[in-house]
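Read the structure below first, then the notes.
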Amino acid sequence: MSGKYTNEKYVVTWDMFHMHTRKLAERLLPASQWKGIIAVSRGGLFPAAVLARELSIRHVETVCISSYEHDEQGELKVLHAAQTDGEGFIVVDDLVDTGNTAKEIRRMYPKAKFVTVFAKPLGAPLIDDYVIDIPQETWIEQPWDLGITFVPPLARK
């Protein structure tokens, strides 16, 4: 893990993720105001699916921006961009961290409503709405990055 993170981890279960994303969807009502969703790949694909279902939106685009290599944040690379200025669109990502990706998204889609499920202090001012505050130094373990594994008991016979 990068030197900027402490040992603190925030582990997100599928149930928590779904509950928080549905709360975000409620804040985006009425659904009729939206033309579509732009998911920031890859983390934004998961909340985009929930938002699309809850808001009955069928038009889902992607913007693919690479900024992490494993758990290290690096240079931004736009791999694919939805062709719109964002008017009438929700742009969604799972998390805003330092704000580097968010700044690029804002530049690309200035008229979009930009939302995330989780936000850290450095990035939070760059988006329009989010559900959960996360301390800047805390690493988030998203459910799509985890597997269920056996953990041996602390006490052995």
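All residue numbers here begin at 1 and follow the chain in the order shown.
Glycine is treated like the rest: Cβ placed from N, Cα and C.
Summarising the annotation, Swiss-Prot assigns 5-phospho-alpha-D-ribose 1-diphosphate binding site to R42, G43, D93, D94, L95, V96, D97, T98, G99, N100, T101 and lists sequence analysis as the type of evidence. Marked as Mg(2+) binding site by Swiss-Prot: D94. Residues annotated as guanine binding site in Swiss-Prot, with sequence analysis given as evidence: D97, I140. Here Swiss-Prot flags D97, T98, G99, N100, T101, W139, I140 as GMP binding site, drawing on sequence analysis. The xanthine binding site feature in Swiss-Prot is assigned to D97, I140.
What Swiss-Prot annotates, mapped onto the structure for a quick look.
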| residue | record | contacts (Cβ under 8 Å, 6+ apart) |
| --- | --- | --- |
| R42 | 5-phospho-alpha-D-ribose 1-diphosphate binding site | none |
| D93 | 5-phospho-alpha-D-ribose 1-diphosphate binding site | A39, V40, G43, G44, P47, T101, A102, I105, T116 |
| D94 | Mg(2+) binding site | G43, G44, F46, P47, T116, V117, F118, Q142 |
| L95 | 5-phospho-alpha-D-ribose 1-diphosphate binding site | G43, T116, V117, F118, A119, K120, G123, I134, I140 |
| G99 | 5-phospho-alpha-D-ribose 1-diphosphate binding site | L122, G123, P125, L126 |
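DSSP assigns N100 (GMP binding site) to a helical segment in the three-state reduction. Here the CA atom of W139 (GMP binding site) lies 10 Å from the CA atom of D97 (5-phospho-alpha-D-ribose 1-diphosphate binding site). Whole-number maximum of the Cα to Cα distances across the 5-phospho-alpha-D-ribose 1-diphosphate-binding residues R42, G43, D93, D94, L95, V96, D97, T98, G99, N100, T101: 17 angstrom.
Looking only at the binding-site residues T98, N100, T101, the densest Cβ neighbourhood within 10 Å occurs at T101. Neighbour density around each Cβ, counted as other Cβ atoms within 10 Å, peaks among the binding-site residues D97, W139, I140 at D97. In the three-state DSSP reading, D94 (Mg(2+) binding site) counts as strand.
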